[in-house]
Amino acid sequence: MIEGEVNNFIMVWMVATASFCYSHAVGKLVTNGGKARLVALFPAIVLLFLLPLRLTSAHLGPPSTFLLGWLSTFKLLLFAFHKGPLSSNPPLSLPYFLILASLPITFQHLKDPNSQTIPDPHNNKTRQIYRLGLMAILSACFFPLYGEKQDSFYPVFTLLLISLHMYVSMELVFGLASVAVSKLLHIKLDPHFDKPYLSTSLQDFWGRRWNIMVNRVLHPTVYDPVVRVSSHVVGRKWAPLPAVMATFAVSGLMHELVFYSFKREKPNTLERWEPSWDSLCFFLIHGACLTMEIGVKKKLGGRWRVPKAVSLPLTVAFVVSTGLWLFVPALARCGAFVKGKRESLAVVDYVRTLALT
């Protein structure tokens with residue numbers, strides 16, 4: 001089973017790489033963004049969306065769904081209209097295009113990303129390596145707590161453990177990708193997280209601190225088009241409000257897709273499509289609350305601000321409580337961590353068997 005899944009994973013990413021090469025060639029042949037480029041890129045977009053269906057493991061399926069089925073397809077949609085991280089002047093070289101299209105990274109704003117580099121200070125690199133090492137140790141410490149022992153914990157404590165594990169794992173995976181690309185290309189990358197536990201508002205949390213890469217993809221893909229349409233209906237001042245709700249709705253649907261990839265057991269099938277919609281509800285609630293926050297700020301015009309000593313704990317408490325209420329239980333019901341632990345043990349046994357033969 002392990003060999004078959006690994007072979008499927010290699011096949012998926014080889015086909016994805018070929019799709020990115022095709023998309024890069026389309027960008028050179030169809031220089032003007034618009035309908036013609038969208039039609040040419042459409043087969044690659046559909047293929048990238050469907051490719052993760054070949055994978056069923058918790059370690060390979062959901063990450064591939066997130067990277068290919070969500071981020072890469074959205075990036076290519078933006079590229080079709082000469083927008084987003086894949087579009088630049090001059091055009092990106094093929095290696096840069098492949099890396100940006102396939103990984104959750106963005107280069108810091110450069111006039112020519114193909115030629116300019118920004119050296120990263122040695123101290124920052126050392127600090128980042130130590131941080132990633134700590135994250136790896138913490139992530140490994142969580143796995144023994146899942147499974148049968150999990151039943152002896154209080155439910156709230158279990159959900160807190162899952163939340164911490166999820167955050168640590170995301171920091172670790174995204175950080176490793178950033179370090180590898182930064183080392184390979186000698187270029188500085190934008191961070192994925194910026195101390196989200198210091199957020200003083202939902203706007204601060206979602207807009208500037210949490211999963212910055214996803215925010216930068218959703219903003220031009222969903223937010224900006226809805227703002228342009230809404231400005232003709234409610235005016236430019238209030239157009240961001242429906243745009244925020246639309247952005248969070250799309251994010252919720254894409255998270256449901258990632259959760260679905262945890263459940264799947266058979267490749268190339270659509271079995272067990274039983275969405276709970278908890279993830280979608282989580283994002284709709286946050287979208288509604290953020291919409292109200294932005295509306296109040298616009299109404300007050302910056303005349304009054306909540307002290308940081310009050311806003312910070314309130315924001316963190318709201319994010320954590322709603323996450324424990326809706327988001328994390330949905331992830332736990334998918335069997336993500338139990339399945340991940342089972343697969344990790346299977347890999348250890350497989351390697352041990354190979355070593356003994």
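Cβ coordinates come from backbone N, Cα and C, glycine included.
Here is what TrEMBL says about this protein:
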- 6-26: transmembrane segment (TRANSMEM)
- 38-55: transmembrane segment (TRANSMEM)
- 61-81: transmembrane segment (TRANSMEM)
- 93-110: transmembrane segment (TRANSMEM)
- 130-147: transmembrane segment (TRANSMEM)
- 159-181: transmembrane segment (TRANSMEM)
- 191-283: domain 'Wax synthase' (DOMAIN)
- 238-259: transmembrane segment (TRANSMEM)
- 309-332: transmembrane segment (TRANSMEM)
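Sequence-remote contacts of a segment are chain residues at least 6 beyond its ends whose Cβ falls under 8 Å from one of its Cβ atoms, and for the transmembrane segment (38-55) they are 5, 8-9, 11-12, 15-16, 19-20, 22-23, 26, 29-30, 61, 64-65, 68-69, 72-73, 76-77, 79-81, 261, 264, 267-270. Most Cβ pairs under 8 Å to the transmembrane segment (309-332), among the stretches 61-81, 93-110, 159-181, 238-259, belong to 159-181. Mean predicted confidence for the domain 'Wax synthase' (191-283): the pLDDT average there is 87. Sequence-remote contacts of a segment are chain residues at least 6 beyond its ends whose Cβ falls under 8 Å from one of its Cβ atoms, and for the transmembrane segment (238-259) they are 62, 65-66, 69-70, 214, 218-219, 221-224, 226-228, 230-231, 275-277, 279-284, 286-288, 290-291, 294-295, 298, 330-331, 334, 336.
Under 8 Å from some Cβ of the transmembrane segment (61-81) lie the Cβ atoms of residues 9, 12-13, 16, 20, 23, 27, 33-34, 37-38, 41, 44-45, 48-52, 55, 87, 100-104, 173, 213-214, 217-218, 220-221, 254, 257-258, 261-262, 264, 336, all in the same chain and six or more residues away from its ends.
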